[in-house]
Structures are given as structure tokens and as C-alpha cells.
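The structure appears right after this line, and notes come after that.
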Amino acid sequence: MGRFFEKIINSSDGFFITATGTSVGKTYISALLLKYTGGLYLKPVQTGTKDSDTVKKLSKLNKYHFSEEIYHFSNAVAPNIAAERNNDVIEIDKIALPNLNEHKFLIIEGAGGIYAPLSNNYFMIDLIKKFSLPAIIVAEDILGTLNHTIMTYKALTQNRCKVAFIVLNKYSPESYNFRCLSEIIKIPVLRVPYYKNFPGIHKIREIINESI
């Protein structure tokens, strides 16, 4: 069981990184998994400051591991509002998977939670369905996480989206969230503690191999 998450990652071609909401650690976990896999990163819809710059800084990977955003708006607001303020409309048909080239793994980071609106008709969950990649749900180990994580998981599975595992970010051993999520949802939960500095590749391997 010690290399359980390693087997899940190695059996896939990529993941769609989503979350229970905004600012719970999608970008941090994307950087961690990109560093681990050496794959290609894409944030299809970006509002505000580019998360790819943060992932690049944390992972210390070069530009060849990053694909350009399809939509990028300067206002750090919901995608549909950011597009509206830019006199634009996000068209889901124009959002396609990038060419992997020499890369063997794809990390796609969503914006906000699964029901962050892309337009009046489409949401982030529609992009997850379109790409057909297993989703990873990032949740922060705080009060309220059980409700938000369970709702996100149920919405994804009811829409026939595969969920690879949950990441409990800023994990605390004193918290009950890990035990409850494992018992209620019954899918793997990867525990990622808080680190003052972004972990190196050896520490990342240790986190992934020893989490279960």
C-alpha cells in the first residue's frame, strides 16, 4: 500500500486539478504533481495573475513544461465576469487539449470550483467532462471541508466524471477530516502537510509514497 498513489499516477496520462473552491491550493498541488511527473501544465482559463508563473517558480521547471492559456483575463473575478468585462465570451468548443510533444503526462488546472461559471451556459465541470481526464479534488484541511468536499465529489460522480483521489492540503494529524473523508467517500485521500518552503523532488516522492 505504500506506493498506492504512485500506482494511480503512473496508470494515468494526466489529471484535471479541481477543488472545493478558490484559494485552497490547486496551484500548489499542480506544481507538486508537475514536478513529480515532469509533465506539461495548462491552465485553460486564467483570471488575474498567471498561475503558470507560480507553478514555474515553485517547480523550477523550464518553459517547455508549460502551455499557454486559451483564455486569459486581467480581472481576478469569476471567469464569466472576467470575459464580460473584456467584451468576450468563453467558448468551450475553442478549448482543446494541448499537444503533449515529448511529454507523457498532462496537468490541467481549473479555475475556482467545479461550478465556477465559464458562461451563462457552461461551468468548469463541463470542461472536466469534455477532457475526460480523471479529476483530483483539492481540499484544505479546515472546518467546513467535509461538506464542500463531499458535495464536490458527488457532483462529479453524478456527472460521470472519474475522481482519481482527493488531496487534503495543509494536512494536520490532529484533524478528523482525513478519517471522515476516507470513511464516507471511500476513495484515496492524499495528505499534504504545510511546508514553509516548496518541497524538492525527493520529499515529494516521500509524500506521495507514504501518504496512505
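The count begins at 1 with the first shown residue.
Placed from the backbone N, Cα and C atoms, the Cβ positions cover glycine too.
Remember, it's a predicted structure, so these values are computed and weren't measured experimentally.
Here TrEMBL has T27, D51 binding Mg(2+), and the candidate from E102, E109, E140 in that same listed site is E109.
Sequence-distant neighbours of D51 (ATP binding site) (same chain, six or more apart, CB under 8 Å from its CB) are K26, T27, S30, K43, E109, listed in sequence order. Neighbour counts of Cβ atoms within 10 Å were compared across the binding-site residues S23, T27, T47; the minimum falls on S23.
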